[in-house]
Amino acid sequence: MKTLWEDLSGKVENQEKIRKEELMKMTKKQYQSRLNSIYFPEIFGSIVCFVYAGYFISKIEELELPINQVLAIFNTTVMIILPIISLWTLARLSRWKITDESPSILVEKFKKDKVFFWKFQRFNLLLSGLFAISILPPLAELLGKKDLILEPTFWLAYVPLGLIAIYVFGRITIKKYKRSLEEAQQLIEGIA
């Protein structure tokens, strides 16, 4: 009877261990899925930034006005550095080994990295407004429309509309990111 009981006890423990491993694998897969909903737009945006940075690098010698050269260098730097930092902050969120870490420690680390990610995204959104304005003069010169930036309607109509578009798009993006990160955090907290 004792050996039968030990046998059954061992089988139950083994089944429980297998269920726990399966649950951890499913949680890890769902966690990565939540982060992928942020990763794909960030990767696409990074590629666009790198292409435009390459464009400005190849055309910088065509700029005649020194201020436009300075603005082009600033914008190129922004288009290279910000996507790299953005992808790095996402990599910090996805580096956790859900199956290896203690759930409570994992939740604590995730929350810390999430705060860092949000601070960077807010900074990124603010810098986008400055970027949207500073890119216009060198771009106008490269397109052969230097006079465009001298027109009052340009500064009174198009620039505010562009800034509003950036704000609206940024808010939608941040809302989507927030939902994805909250879902990822709930998954981690669910195993704690």
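Cβ coordinates come from backbone N, Cα and C, glycine included.
Annotation comment: TrEMBL describes 38-58, 70-91, 123-140, 152-170 as transmembrane segment.
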Close approaches to the transmembrane segment (70-91) from elsewhere in its chain (Cβ under 8 angstroms; 6 or more beyond its ends): 35, 38-39, 42-43, 45-46, 49-50, 52-53, 56-57, 59-60, 63, 113, 116-117, 120-121, 124, 127, 131, 134-135, 137-138
Long-range neighbours of the transmembrane segment (152-170), counting only residues six or more past its ends (CB under 8 A): 125, 128-129, 132-133, 136
